[in-house]
Amino acid sequence: MNAKFILLLLVVTTTILLPDTQGAEVIKCRTPKDCADPCRKQTGCPHAKCMNKTCRCHRCG
């Protein structure tokens with residue numbers, strides 16, 4: 001019983017802490033401005049960050 005509770009707590013915590021990003025396609029960038037148009041095409045939302053020369057697209061809402 002105790003092991004099942006800990007496993008359930010671990011699963012819930014992991015799903016909460018996962019980032020809300022989409023990144024099926026690798027988009028190279030130098031600045032966040034380089035990510036706005038490709039992310040708008042990919043997700044419908046221009047919210048993005050350039051991290052380690054790769055765009056990270058975020059969903060709206």
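Residue 1 is the first one shown; counting continues down the chain.
In case you wondered, yes, glycine gets a Cβ from its N, Cα and C as well.
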Cysteine of Cys35, Cys39, Cys45 paired with Cys57 via disulfide, per Swiss-Prot: Cys39
Partner cysteine of Cys60 (disulphide bond, per Swiss-Prot) from Cys29, Cys35, Cys45: Cys45
Inter-residue Cα distance where the pair is Cys55 (disulfide bond) and Cys39 (disulfide bond), in Å: 8
From disulfide-bonded residues Cys29, Cys35, Cys57, the one whose Cα lies nearest Cys45 (disulfide bond): Cys57
